[in-house]
Each structure stands twice: as C-alpha cells, then as structure tokens.
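Working notes for the structure below.
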Amino acid sequence: MAFISFPPRHPSSSARLPLTLIALDDWALSTITGVDSEKYIQGQVTADVSQMTEQQHLLAAHCDAKGKMWSTLRLFRERDGFAWIERRSVREAQLTELKKYAVFSKVVIAPDDERVLLGVAGFQARAALANVFSELPNSENQVVRDGASTLLWFEHPAERFLLVTDVATANMLTEKLHGEAELNNSQQWLALDIEAGIPVIDAANSGQFIPQATNLQALGGISFKKGCYTGQEMVARAKFRGANKRALWLLAGKASRVPEAGEDLELQMGENWRRTGAILAATQLDDGQLLVQAVMNNDLEAESVFRVRDDANTLHIVPLPYSLEE
C-alpha cells in the first residue's frame, strides 16, 4: 500500500502554525553504503562527516570543481553508511556527479524512494509525536531511531521534526494525528526553511553559488580544517581572501505573484529600481504575506526596499535566526 500525499493549502508562519503533518514530496532521500562510504562522502562534501556522530545531522554542500554547489544535503548516519535529504529537483543530477568516482571505491550510491519523508511542526508537535514514538530527538540528540523510523530535530524557526520512515508507519502516523493535526504539502516545510534561513537549492540554482553565498558557514555546513574535497580550493579562497561578496537574505512583504527560483529582484535606488540578486525560493502564506529567500550582496542596508520585478508591492529584510559574524 502506497503512502498518499496531502492536498495543498497555503502555509502558515511558524508563529501561527497549528499542529501540522507535512508530506515532503519536494524533498528526496538518497543513501551511500559500503566499507568506503565515509571516506568517499568526506571527499565530496563541505562538512566534516568524520566528526559526525550517530546523534547528529549536518547541512553540507556538494560542489563542483569551481566550488559552486550542485545542491545542499541534510546528512545523517545510517547502518553502514549515510543518508541525505535534498530537493527532489536536483537529486538526479547530484547523484550523477557524486557517482563519477565511485567506480574506484567500495560504495553503493542510490536514490531511496521506498521510504517516506514527513514533517511534523506547529503547536505542541513534540507532545503529538510523544504519543507515537518511544523517544524523540532534541538539541543534544538531534537524530533518534525508533523501529523503521529515523527522526531529525530542527530548532528553527520553531521546534519541528523530520521523519524518515516506511509506508506503514507513515500511514499509521497520519491516522493517529488525523483530526488533531492539519495536513499540508511541501510548501509548509519550505516556508519554515525560508524562515529559518536554510538555503533551498532547486534545479534553477544548481551550479550557481559557492556555499558561503548561501550562509552555509553560519549553519555549520563548512569545515575549513578537513582534508580535500571537490571544490575545496575555491571555498577556502572565498573565506581566507574575502572573495565572497554575497549572502542569503530573508525578505517579507507583498507581491501580486509568487516569483520562481532563479528570478532576480529589484532594489529601490531613490526614484529608480535596479535589478539585483537571485531568488532561491518563495512562498505565499495564508495571511497573504510573501516570503522570499534570495542571494544578494552581503553589504545591503537593513532598511533596503525590494520588489518582485515590475510589481507594485514591496518587500523588506527580515532578520535571520543566526549571525553571519565570523
């Protein structure tokens, strides 16, 4: 029996979100297994996976030789290897790049569509899950395994949980929370990631940005002490030579349409508007507010005014829940 996804509804902000069970169809799971899996993935991503415990998950980037990101990966350990979650739109291309050198190593790299990805967020999310699982993750133990399920804990923008589980458990959870929780699709989790300042790399922006342009260094996603990995030289140069002039920003306001990933924005300059930046993700909330995640210059004034191209409405900068000070 397959897992049935949930119908879409406009997402809510984290401050007003009722208990919600979220089908993460726009995200996808992959795995690497085999005796060389740690060594192999360590040579491909920006984070130091050798230091990662069974109780941690990490955000990392997989880059090309020029340090541009194919995608960002949410990595965690599994039985004899690792699993990661990324945007579904980039998975196929990312796996193709990751497999390029796999012939020389004892690894198996594969997509995993057998398991289901679910999010649980909103009012009393922890209490709701405590009725289903014997143990839940927290700030100390960010990853917990319970039977067929792996649960990941997220602090921002408010406590939430990501479940990697089998179809039977996904259906059981849906039944248990039915009537108590709202059901929503990936747009709700996307809205929470945008609020949290977690970079969203879809196909339109794959191969476009170095990790620091999306604040990955502030999210613990780059190790400057580990050994070689693809793109390391460019990523290191951006740090030690100050070559990176961009950052990820959160904007909120109104617009007559929801812009697409890859579009630019317009910045108000006196009487005029100048094109700037690149949108990573955008979504409209149930109160009509538009949230936009964009890569722009890192020296913008906090009072800067933006708009979706040629739109009559405006957007403003919202502080992120972490600091970019190094």
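Each position is counted from 1, following the chain as shown.
Cβ coordinates come from backbone N, Cα and C, glycine included.
Just so it is clear, the model here is predicted, and its values are computed rather than measured.
Straight from Swiss-Prot, the features:
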BINDING   Trp27, Trp189  folate binding site
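Comparing local CB density within 10 A for the binding-site residues Trp27, Trp189, the maximum falls on Trp189.
Secondary structure at Trp189 (folate binding site), as computed by DSSP, is helix. Secondary structure at Trp27 (folate binding site), as computed by DSSP, is strand.
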